[in-house]
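**Q** Once you've had a glance at the structure underneath, I'll fire off some questions.
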Amino acid sequence: MARQPEPARSDLSSPSAVLSAADVTRVVDRMAHQLIEKCAGAGDDAAGGLADLVLVGIPTRGAPLARRLAARVEAFAGSPVDVGAVDITLYRDDLRMRGVRALEETLLPEGGIDGRLVVLVDDVLYSGRSVRAALDALRDLGRPRAVQLAVLVDRGHRELPIRADYVGKNLPTSRNQSVRVRLAEVDGVDEVVVTEGEQ
Amino acid sequence: MTLLITGARPYGEDAADILVEDGRIVAIGEDLAATGAEVVRAAGLVALPGLVDLHTHLREPGREDAETVETGSRAAALGGYTAVHAMANTDPVADTAGVVEQVWRLGQQAGLVDVVPVGAVTVGLAGERLAELGAMADSAARVRVFSDDGHCVADPALMRRALEYVKALDGVVAQHAEEPRLTVGAQMHEGDRSARLGLTGWPAAAEEAIIARDVLLADHVGARLHVCHVSTAGSVEILRWAKSRGVQVTAEVTPHHLLLTDECAEGYDPVFKVNPPLRTDTDVQAVRLGLAEGVIDAVATDHAPHAVEDKETEWASARPGMLGLEQALSVVVATMVETGLLDWRGVADRMSARPAAIGRLDGGGLHAHGRPLAPGEPANLLLVDPGTRAVVDPAALASRSRNSPYAGRELPGRVVATFLRGVPTVLDGKAQK
Amino acid sequence: MKRHLLEAADLDRADATLVLDTAAQIDQALAGREVKKLPTLRGRTVVNLFYEDSTRTRISFELAAKRLSADVLNFSAKGSSVSKGESLKDTALTLEAMGSDAIVVRHSASGAPHRLANWVRGSVVNAGDGTHEHPTQALLDAYTIRHRLGRLEGVRVAVVGDVLHSRVARSNVRLLHTLGAEVTLVAPPTLLPVGVGSWPAEVSYDLDVVLPKADVVMMLRVQAERMNASYFPSAREYSRRYGLDARRMGALGDEAIVMHPGPMNRGMEIAAEVADSVRSTIVEQVGNGVSVRMAVLYLLLGGAPS
């Protein structure tokens, strides 16, 4: 791919952003293309493979991300994709450390997830604990044919044997940095920011 | 034995020395001297006549785990008392000459205060038939105050007979004024707080109705009536009315009803459960004024020791009652003296002279109580440092029990010394036995 | 959130709303699932300490704790050391030593949960104490009202019956007031506490005047034995003046609902055709009780306060 000049930053983006709004859009588009390719490879044709697919976001930011991915897949492949969300709060193993938080929405497509290809969608992949909690939650919700993982940013430092099938951007970081993904639906702006100091 | 107390202020007035010989005060004046006398320096301390309590529960016989005559006597001496009336609701009940004499002898053996037994009005406090009041009056204990305290003599006919009968004994019936049908299951003062806390209410009217009835009866039969632990503004009104009509009625108020309100029930700590219950601020103000005015004659502690297991429970299962002997004077200083409602002569009147008169302890002789600080009188007196303030620590109390409602409260007035017929029972704030 | 839930006043508006929202999310998360169990409180121990028989409340708490994967111990006073005279404090210290993280307590003495809270490190949840409070009942009632009517602010709730002896009434008055509803207590004067005037509620002696304006009618259980203590002359007279029958139900607005904390005295405070009508939320209340109690246990036990 030819290297293109960096597009003008959105005025709302922070100067420290490692991904601007335009970058986020481009990365999501690329992930949508990868999904279509893989699913097409799995099914008889692209549309057939996509009918099998459910994009399940992990709130907070995985949920709008899943909806965006679904919209792009539909735009590129011409067939609609089911979307859902699974709240993992009640499945976390760090309640004693981090205290209680408000629960978020769990929403599955009509007909559930049995026998389908579930792609979990999250904003940042770090320790892998959120994904483990999401896998536990999925187990209580049904029995998918297969489960894959899509993340906007993989920042490394896994604590569990978990890897992503689709990665928007690999972002090598140190443990005392924090990575924040902001999305317009939640934060009013699209960007990815790295700051020093633990979150 | 000769004792010279130097520099004390009798009744909080001008400093003077007090010379004591053979159990009596022999002189009060400036620069007294006596060779070989034991000297107690009392500069800055207020001297008062030894206090007299009309209402103490010493728990012996029966509940020696909560208090004994000896531990209760020590608590009394530390509080500045030289005589206490021991209530009759022991086990066995003090309703015979045998039991009252036993209590009286235990008091003599302890030797810290004069323990004056109260006799039960009815057999077993059951409210059904009169106990042998005459036998108790004629016993060595010389009982003059009769009370079923803890229970009301609710039957009006029985109460009338009791009032009449004790006239022949120069006695008085001390009534626990509580209409039992109005206080079934009652846990605290009935009002806003009981409604919110879900604790069954003890209405003021249950006390006032009995007082109203009894002053009418006392008037009718021309007998003496004493009302225990007056707790409501309405009761003060009724007593004022009765006294204005010349009814021979006297009344007492407890230290806790002078200081604490039903707010203490928040949190459900049964150390604040007491009968009659802590009332409202309006009632507290009314009983203070009643005491200042003399409508209420005396402060009486209703010292009610309870074992830990009887208080460390749910509110409803806890026994009612709280300690009082060791903090009574401090509470009176805080609520009556520091507020300007009583001077020290007033304190001596309400805590010594009048209660002694009600109990008929104020006759002549060396064994009298409630007598003024004057030459020739028995040397029953206390020295109090009115300026010292201290936080009450239940663990430091002499009582065998720990149910003090004043725990953690700062109160003024430290009793430095107490003398019973010239013998120090307390010196430097420490019991001498 | 405070560490304990002893009375409705422990919840400010934000806390109370958080409990209701959490219950709603739990409901939604579990809706239609085969596995109605969440791993949230794995390894935590919840003790149901019941000094009064109350199978309904106990199984509701038990189910709530089990659905959150907590270990549940049922400690009932009957046939245990308690009936042999062990004090509440000793029982509390025993449970504490066994490592209980929360004690759900039902007791006939008002304030017993407050005492318990002084003696244990874990959380204490009041499951009904004497004639004081029953805060989770009020939470499930508020949840039910919000679910049916879509709001609590400005909702007019008539609480009818034996207010004097009712812990449900005390908790509801406080909580519904906190959440912006307007409560009217309806009872004969004998069944209203002296001091009710200080509560954040209106008081009426006349049910027929109150009903047409009510969005919610909450009927309280009235024990017929109360007439022996002259709280009212007879069950028949009580029922005639304060019972909710079909005729009175006709006076309600179209959307109004009828609630009862159970167990009901059919024919006494509520007629059978009212209890079984579409306005009645009585069965729904039971189901909502589990969700609300899950929310309470999660919020009290989920972890350190954030």
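Placed from the backbone N, Cα and C atoms, the Cβ positions cover glycine too.
TrEMBL entries are annotated by machine, without manual review.
Quantities reported herein were computed from a predicted structural model and do not represent experimental measurements.
So TrEMBL says this about it:
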{"type": "ACT_SITE", "residues": "B:D302", "note": "active site"}
{"type": "BINDING", "residues": "B:H55, B:H57, B:D149, B:D302", "note": "Zn(2+) 1 binding site"}
{"type": "BINDING", "residues": "B:H57, B:L58, B:R59, B:N89, B:N275, B:H306, B:P320, B:G321", "note": "substrate binding site"}
{"type": "BINDING", "residues": "B:D149, B:H176, B:H229", "note": "Zn(2+) 2 binding site"}
{"type": "DOMAIN", "residues": "B:46-233", "note": "domain 'Dihydroorotase catalytic'"}
**Q** Hey, of B:H55, B:H57, B:N89, B:H176, B:H229, B:G321, which of those binding-site residues are within 10 Å of the residue listed as 'active site', Cα to Cα?
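**A** So the list is B:H55, B:H57, B:H229, B:G321.
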**Q** For the recorded positions B:D149, B:D302, which one has its C-beta crowded by the most other C-beta atoms within 10 angstroms?
**A** B:D302
**Q** Output, ordered by sequence, the same-chain residues six or more apart from B:P320 (substrate binding site) with a CB under 8 Å from its CB, or 'none'.
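**A** Counting only residues 6 or more apart in sequence, the Cβ neighbours of B:P320 (substrate binding site) under 8 Å are B:K273, B:V274, B:N275, B:A304.
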**Q** Counting every protein chain present, what is the number of Cβ atoms, excluding its own, within 10 Å of the Cβ of B:H57 (Zn(2+) 1 binding site)?
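**A** Taking all protein chains shown, B:H57 (Zn(2+) 1 binding site) has 27 Cβ neighbours within 10 Å.
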**Q** Quick check for you: of the binding-site residues B:H55, B:H57, B:L58, B:R59, B:N89, B:H306, which have their Cα within 10 Å of the Cα of B:H229 (Zn(2+) 2 binding site)?
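**A** Those near B:H229 (Zn(2+) 2 binding site) - Cα within 10 Å - are B:H55, in sequence order.
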**Q** Count the other Cβ atoms sitting within 10 Å of the Cβ of B:N89 (substrate binding site), across every protein chain shown.
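**A** Excluding its own Cβ, the number within 10 Å is 23.
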**Q** For the C-alpha pair, I'd like the distance in angstrom between B:G321 (substrate binding site) and B:H57 (Zn(2+) 1 binding site), rounded off.
**A** 10
**Q** Rounded to an integer, what is the Cα-Cα distance in Å between B:H55 (Zn(2+) 1 binding site) and B:H176 (Zn(2+) 2 binding site)?
**A** 11
**Q** Would you mind listing, in sequence order, the residues at least six apart from B:H306 (substrate binding site) in the same chain with a Cβ closer than 8 Å to its Cβ?
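**A** Long-range Cβ contacts: B:A66, B:A318, B:R319, B:G321, B:S401, B:N403.
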**Q** How many other Cβ atoms are found within 10 Å of the Cβ atom of B:H176 (Zn(2+) 2 binding site), counting all protein chains shown?
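**A** Here the count is 25.
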**Q** What binding-site residues in the list B:L58, B:R59, B:N89, B:H176 lie within 10 angstroms of B:D149 (Zn(2+) 1 binding site), counting C-alpha atoms?
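**A** Cα within 10 Å of B:D149 (Zn(2+) 1 binding site): B:N89, B:H176.
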**Q** Tally every other Cβ atom lying within 10 Å of the Cβ atom of B:G321 (substrate binding site).
**A** 25
**Q** Can you give me the Cα-Cα distance between B:L58 (substrate binding site) and B:H176 (Zn(2+) 2 binding site) in Å, rounded to a whole number?
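**A** The separation of the Cα atoms works out to 17 Å.
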**Q** I'm trying to understand the geometry here, so how far is the Cα atom of B:H57 (Zn(2+) 1 binding site) from the Cα atom of B:N89 (substrate binding site), in Å to the nearest whole number?
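**A** Distance (Cα to Cα, whole Å): 8 Å.
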**Q** Sequence gap of 6 or more, Cβ distance under 8 Å: name the residues on the same chain that satisfy this around B:R59 (substrate binding site), in order along the sequence.
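**A** Sequence-distant Cβ neighbours: B:A66, B:E67, B:T68, B:G72, B:T90, B:P305.
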**Q** How many Å separate the Cα atoms of B:H176 (Zn(2+) 2 binding site) and B:N89 (substrate binding site)?
**A** 12
**Q** Taking the centroid of the Cβ atoms of B:D149, B:H176, B:H229 as the Zn(2+) 2 site, which other residues of that chain lie with their Cβ within 8 Å of it, listed in sequence order?
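**A** Those within range, site residues removed, are B:H55, B:S147, B:G150, B:A174, B:Q175, B:A177, B:E178, B:C228, B:N275, B:P276, B:D302.
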**Q** What is the Cβ neighbour count of B:H55 (Zn(2+) 1 binding site) at a 10 Å cut-off, with all protein chains included?
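**A** Other Cβ atoms found within 10 Å: 28.
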**Q** Within the domain 'Dihydroorotase catalytic' (B:46-233), what mean pLDDT does the predicted structure show?
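**A** When the pLDDT values over the domain 'Dihydroorotase catalytic' (B:46-233) are averaged, the result is 98.
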